[in-house]
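Taken from TrEMBL as is:
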- 95: active site (ACT_SITE)
- 282: active site (ACT_SITE)
- 108-115: disulfide bond (DISULFID)
- 77-350: domain 'Peptidase A1' (DOMAIN)
- 1-17: signal peptide (SIGNAL)
């Protein structure tokens, strides 16, 4: 068994290091969003979100592979990769909530609008393509993304992962993916041993091909209030200039997900999760989600107005009065200010 670690850093500044592979991430907000999360069933309908196209910027320095993230409204973070020889460029979510890499295929049906409006992989243009042909699918709350498996070189910054198996998606469910600015998803999660189609996750291949010095990747997400770089994903280590103090470690409690134990959730002196819970560290999910009853209780305490089964809003003028939400992980309190747990949607916050 190969063990590897992940660090999630949410900090308000950008720095550079001399020893880590970095990939820049971009961010956007999507219109008419019905948000699917791999291996979870969770729907989000936000009709008033506006679109913003990404800007591309990739860099690597002295063997450190970094992709920076461009952020809009702190909702979605994605970066650039390429597949094949010569390389074909795509934009992907680096998703710790799933293990699979998939990209729209040139073989997709002309009626699949989501496929038609995104970059598509063309195996006939790559000299390093290797056919596989095994059927591939990913279950979403709103449907199934399906296709077949192929293998090719995948380039992430200066990293070159050979013979990476990935999904060529020929069918995407409904209108879910039409308005997304990213093309596909790069899973950074554990290998799913229970699935029939079980390609090796890309980070595990990086380790096995000895492309990284340490079995560690780190994600830095920036609120980007000053329009600076949105974040990075780093392979092979972490950058200690992205944080102050000591790191807090938490054991993973699942063999299939980046799942950790939460000691409790509280606001002021009121405890909402006295017996603790488990939580997925999921960079592919836009918002904080949880059991309906507990989330409803938190929203009621905050004075939010319910506008649908899954949506609450508060008046923009009251944001400065909202309290800190404290999530305790391995004994250490993580404090979320109002700006950290709400999203502005026109004249209200969600």
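Cβ atoms here come from the backbone N, Cα and C positions, even for glycine.
Under DSSP, residue 115 (disulfide bond) is assigned to a helix (H, G or I) in the three-state scheme. When the Cα atoms are compared, residue 95 (active site) and residue 282 (active site) turn out to be 7 Å apart. Neighbours of residue 95 (active site), defined as other CB atoms within 10 A of its CB across all chains, total 23. The number of other Cβ atoms within 10 Å of the Cβ belonging to residue 115 (disulfide bond), over all protein chains shown, comes to 24.
Residue 282 (active site) counts 23 other C-beta atoms within 10 Å of its own C-beta, drawing on all protein chains shown. Under DSSP, residue 108 (disulfide bond) is assigned to coil, being neither helix nor strand in the three-state scheme. Confidence in the domain 'Peptidase A1' (77-350), given as mean pLDDT, stands at 88.
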